[in-house]
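Trainee: Take this structure, written in structure tokens, and hold onto it; I'll ask about it next.
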Amino acid sequence: MAVGLGPWGPSASYLAAALVGVLLSGLAQPHDVSKRAPWDLKIDQALLQIHNEFLSENLTVYWLSDYCYQCLSQEMISVPMNSIATSPVDSQHAVTLIINGSNDEELCRTHYHFGEFGNYSLVVRKLTNSIVQISCNIIINQNPFNSYFPIFFAFLIYAVIFSILMLGQFCMNIELIRNWLYKKMNPRETDRLINSELGSPSRADSISSDLPAGVWSTAPSLQRLRSLDTFRGLALIIMIFVNYGGGKYWFFKHQSWNGLTVADLVFPWFVFIMGTSISLSLSSMLRRGCSKWKLLGKILWRSLLLFLIGVIVVNPNYCLGPLSWENLRIPGVLQRLGCTYLVVAVLELLFAKPVPENSNLEIPCPALQDILPYWPQWLFMMALEAVWLCLTFLLNVPGCPKSLTFLVFSSGYLGPGGIGDFGKYPNCTGGAAAYIDHLLLGEKHIYQHPSSNVELSCHALLKLQVLYQTTVAFDPEGILGTINSVIMAFLGLQAGKIILSISYVTTLSSFAFILLMSIYYIVDVKKVWSGSPFFFPGMNSILIYVGHEIFENYFPFKWKMHDTQSHSEHLAQNLIATSLWVFISYILYRKRIFWKI
């Protein structure tokens, strides 16, 4: 028996929602700000006091974050001789402090990881023995806060909720209690009435009037794969939590350029599971006798709707004022999903054949069983990737590096520009990808860089422009990057063909494939977990995604904080908002309200 909400689902969901609200409110309790030192520090900052004990030399302090890859050091503060100066310093990552003298020569440097809201002193002095030496010592004046404690507390809260639900499940195994609840609740099975937005993962899709009446009577009734909705819901919930701020923790934010965080996994996961759903959906519809022309019409319409919803409804350039053609952002998350879906679904439809459910194809070489039956698609994907490589590494991009490689001039710059790569290419942010977007779409129709009169929360790329000091607009969902999204979805599509295969585990899809394989085994094979609560938002992914974007700045998803420089308040607000969307998706599921396109 799978672990789920069962017939006592409404009571359990209301109890869980109440517990989330009450317990997480403990995180959101206003902190006693008076206990803090009276320095104007922001979140993820510490105070550094620089003591210049030189009697005849001024000092200049430069800083370089470990988070900024191959960056130029930036000036922090100048300290006159025999005096003390104070400056805030980043506490998210370790930094290197470089102390230069009056002639701009380096006197010393030190590497240190400061703690949030801590008070530190950097003492620079000369030590005169037989040889003149300069010491740079960091002293802790006041211990920092433990900024990770709210995460531990939130984990305990959800552990309590899970334990209560597990206790309820244990009670459900008692026949007397189970029979009483069944009589009171009398739930109805709704799985057979539901289709997914981005291609149904069901092996028995509802085609409505597209199929002749005789087909319905002969087609077998197969159970929907809950693991795909669970996987999609998991990616969606993490995406919502990240978009709402992730408690202002750096590892719940997208990397500014280099590296990988939790936030960077969710969109590829979503693309991957879309490809898997396409495979199962189209094969099921073809087995039921649906014509390819009708399926092509569905694919075109679904892709167009995704693109239009992304452009008109979910457009971050609303932050610049009323939306108009002059500042309409054309690329976007849903736009990329729509384009990716169009390419992968049409390619699959073009070569797909209605293969019986339990048929075993005879493959001459078993080692190539994942490739030989689908060689036309693989050739197309290889050609598509070749186009990406040629545009990325051979396109002549103004302001980007050029080198003679294999008797051709190549650039191939993939860096952030600005002060990255030691400031060599300040106006080459994104290389060919940004150049193509500027050339084909124009700067005003891509993601805008922040200005002083725009709310910073509207810009996910603010960290890139602050850390690397970039000045060129760059869109993370640009045209050229869509090619790799198509590749990612195609790998997910292959996973849908052979769901337990590991031969397609690559750099881009390895995490997604392993996670999907694990969820499939636990949810659909062993049935020890129903997929709750991630199953419910996975059933209404487009509605939940669009809803969380539209109502992001409205109560109860956001409210005025007592202390905006507190991780705990941000974390509580973001977790409550994310939990509310899970609860909303459950209510929609119980009411059999599903938005599919």
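Residue numbers in this text run from 1 along the chain shown.
In case you wondered, yes, glycine gets a Cβ from its N, Cα and C as well.
Whatever TrEMBL says is automated annotation, not expert-curated.
Copying in the features that TrEMBL gives for the protein in this structure:
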- 1-28: signal peptide (SIGNAL)
- 148-168: transmembrane segment (TRANSMEM)
- 224-346: domain 'Heparan-alpha-glucosaminide N-acetyltransferase catalytic' (DOMAIN)
- 230-246: transmembrane segment (TRANSMEM)
- 266-287: transmembrane segment (TRANSMEM)
- 299-318: transmembrane segment (TRANSMEM)
- 333-351: transmembrane segment (TRANSMEM)
- 378-397: transmembrane segment (TRANSMEM)
- 498-522: transmembrane segment (TRANSMEM)
- 534-551: transmembrane segment (TRANSMEM)
- 571-589: transmembrane segment (TRANSMEM)
Trainee: What residues in the same chain, six or more past the boundaries of the transmembrane segment (333-351), come closer than 8 Å to it by Cβ-Cβ distance?
Mentor: 198-199, 267, 270-271, 274-275, 278-279, 282, 292, 295-296, 299-300, 302-307, 309-311, 314, 374, 376-377, 380, 477, 481-482, 485-486, 488-490, 493, 545
Trainee: Can you break down the domain 'Heparan-alpha-glucosaminide N-acetyltransferase catalytic' (224-346) into helix, strand and coil residue counts using DSSP?
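Mentor: Taking each residue of the domain 'Heparan-alpha-glucosaminide N-acetyltransferase catalytic' (224-346) in turn, the totals are 93 helix, 0 strand, 30 coil.
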Trainee: Below 8 Å between Cβ atoms, which of the listed ranges 148-168, 230-246, 266-287, 299-318, 571-589 makes the most pairs with the transmembrane segment (534-551)?
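Mentor: Per the Cβ under 8 Å count, 230-246.
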Trainee: Looking only at the recorded stretches 148-168, 230-246, 299-318, 571-589, which one has the largest tally of CB-CB distances under 8 Å to the transmembrane segment (266-287)?
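Mentor: Highest pair count goes to 230-246.
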